[in-house]
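All remarks here apply to the structure that follows.
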Amino acid sequence: MAVEAAPQSRGASIEIEHLDKYFGAVRAVDDVSLSIAAGEFIALLGPSGSGKSTILMSLAGFERPTGGRILIDGQDCTYLPPYKRNIGMVFQHYTLFPHLSVMDNVAFPLKMRGISKAERRRQAEAALETVRLAGYGQRMPKQLSGGQQQRVALARAIVYRPRVLLMDEPLSALDKNLREEMQLEIKRLHSELGLTVVFVTHDQSEALTMADRIAILKSGRLQQVSPARELYERPSNLFTASFIGEMNMLPAEWDGRTASLPGGGVMEVGAKSMIDPVGPGKSVLAIRPERLSIAAPDSAGSWPATVCDVIYAGAGTLVIAEMPGGTEVRVRLPSNAVGSLSRGEAIGLTCPPDAALLYSAEQAT
Amino acid sequence: MNARTLLLNAYVYAVLAFILVPILIILPMAFSETQYLTFPPQGFTLRWFEEFFNNRRWMDATWFSLRIAALTAVSTAIIGTMATYALVRGAGSLGTIFQALLIGPIVVPHIALAVALYLFFQQSGLSGTTIGYVLAHTIIALPFTVFTVSAALSSVDPALEDAAMSCGATRFTAFRLITLPIILPNVISGALFAFIISFDEPVIAFFLAGIRDKTLPRMMFDDIEQNLTPVIPAIAVLLTVLSISVLLGAAILRRIAARNAVTVDT
């Protein structure tokens, strides 16, 4: 039997309030506030140096924040040492204790909690079963594959039924197939055990598939916290827009009603296409490549462009075109919708009004 | 084989001979039947070993040396492991100074150290005492322990202790249950080195010797000035055998450690 799940949600809520962390003069975490609901699966996503790991390490108790507070289930644990937090943690490189058997590794947290030997064995065996490694207890970590080691690390992190599970890029050391398998495994564990998961990754597809909400970080600052769909469809600023998925960024002149593109293209922009109000002036039109389509040159409402390259990739085809002035535009179309296009051919680009988002160009730093 | 490699081989063997021949000459002399040191040895007897083991003065010196060596091994293992931990796991900017101080005794001639300790111990009454010897020998043996322990410690992932702490262990418990067992073979190996260094240490023993308590090397030196009996080579044989077996033990331990330390992230 798997670890018995309590009837109600077993996760703890986490409040991060105005968290700051300086390393010398470098501000690794810059005024980050984030509320995580009990039982939520949240991913911290960002490029390296964005502060995501520092936030996780502060939650775990390995980093002492310079400012701000961390509340777990309403209890202030900003400066509580790691061993008093009752948090499960999975590290990047498995970090199994090499001199202990798989069983002793998984039972280690129980030993630290003074649980009797027989009971330790029983619970560790149950946790190993939960990660589908029943019967592997007597092996040494070295005798297991990378994926199995990561499962043992997972079992060790959940064996004492923590209410929060922290994961620091736990899958980055695994190859692609194994990674996808483990993603599903972790999702399953999350719904089975109902604990709150904070998952750090730099892999956006991993974040999008796994998490209820994704927190985007850049240079220590929180950019956006949203469910995957909103993040993809309504990125709140230029950074998230370019960070998540593929995005065409077209420089435009915005006069309060229409945006004019270089080369004469014009687009009417409604209030729905702006996340934040944009004042007239230089701006950026952000459009996903799959929302653009190709029309005859000079057809009404289309923007002039020239085909640079056509890349056929089975179901989809990528057309790379250039607008007057040198702006590159990517168009992704279902392959059957692409007629014969040749390099240097003049085309028109069309875009439904709800597909474009307008951002002020001043943000682009 | 050309002339160049021939010359190189000759050179290497000459160096080896230079190092080994004195030992190979002294060892057989321990079994000579003659009353005084002779080479080549004549006949075969074990009576000089008997004489060593039956002589109260030799035995006292031996036990004194063994006690000092054992205490030095223990104190070096404890201090050396703690110091190495600090060095490898974050001494920060003080690390280099600290490291220089720790391995300094290798560079500083033992005679200089001995004179300094002599002056200091005379005043503080540590001269000739067990504590005095252990302190002095710990200083000179520490660098070797630091080397062997740091080799092991730097191959242990620091995240292991973090993992243990996230499992509910305090930092000290994490060290005791996780890091220490992994590096233990190297710690013991370092302690064995310290034991040998202390056991046949002559220079400091010469300066610090009291009137009654003398270490074995010091005793041998005193004896050789008065009677040139083959007891001295007999002791040399025993010391050599002891040294070789202890260092062999240390090498085996380090091999075990190297096998255990196969990195975690493979």
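The backbone N, Cα and C atoms fix where each Cβ goes, glycine too.
Residues or ranges marked as domain 'ABC transmembrane type-1' in TrEMBL: B:62-250.
Within the chain, the transmembrane segment (B:12-31) has long-range Cβ neighbours (under 8 A, six or more residues past its boundaries) at 37-41, 43-46, 48-49, 230, 233-234, 236-237, 240. Marked as transmembrane segment by TrEMBL: B:12-31 (among others).
Listed by sequence, the residues of this chain that lie at least six past the ends of the transmembrane segment (B:64-88) yet keep a Cβ under 8 A from its Cβ atoms are 95, 98-99, 102, 130, 133-134, 137-138, 141-142, 145-146, 149-150, 153-154, 175, 179-180, 183, 187-188, 190-192, 194-199, 213-217. Residues annotated as transmembrane segment in TrEMBL: B:64-88 (among others).
Summarising the annotation, TrEMBL assigns transmembrane segment to B:100-121 (among others).
Marked as transmembrane segment by TrEMBL: B:133-156 (among others). Sequence-remote contacts of a segment are chain residues at least 6 beyond its ends whose Cβ falls under 8 Å from one of its Cβ atoms, and for the transmembrane segment (B:133-156) they are 68-69, 71-73, 75-77, 79-81, 83-85, 87-89, 102-106, 110, 113-114, 117, 121, 126, 179, 182-183, 185-187, 189-191, 193-194, 197-198, 201, 204-205, 208, 215, 250, 254, 257, 261, 263.
Residues or ranges marked as transmembrane segment by TrEMBL: B:177-199 (among others). Beyond its flanks by at least six residues, the transmembrane segment (B:177-199) meets 65-66, 68-70, 72-74, 76-77, 80-81, 85, 133-134, 137-138, 140-142, 144-149, 151-153, 156, 160-161, 164, 169, 216, 239, 242-243, 246-247, 249-251, 253-254, 256-257, 260-261 of its own chain at Cβ-Cβ distances under 8 Å.
Only residues 6 or more beyond the boundaries of the transmembrane segment (B:231-253), in the same chain, are considered here, and those with a CB under 8 A from a CB of the stretch are 23, 26-27, 29-30, 37, 48-49, 51-52, 55, 58, 148, 185-186, 188-190, 192-193, 195-196, 199-200, 216, 220, 223-224. What TrEMBL records for B:231-253 (among others) is transmembrane segment.
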(request) Quickly jot the same-chain residues contacting the transmembrane segment (B:100-121) by Cβ under 8 Å, restricted to those at least six beyond its ends, or write none. (result) 83, 87, 127, 132, 135-136, 139-140, 142-143, 146-147, 203-204, 206-208
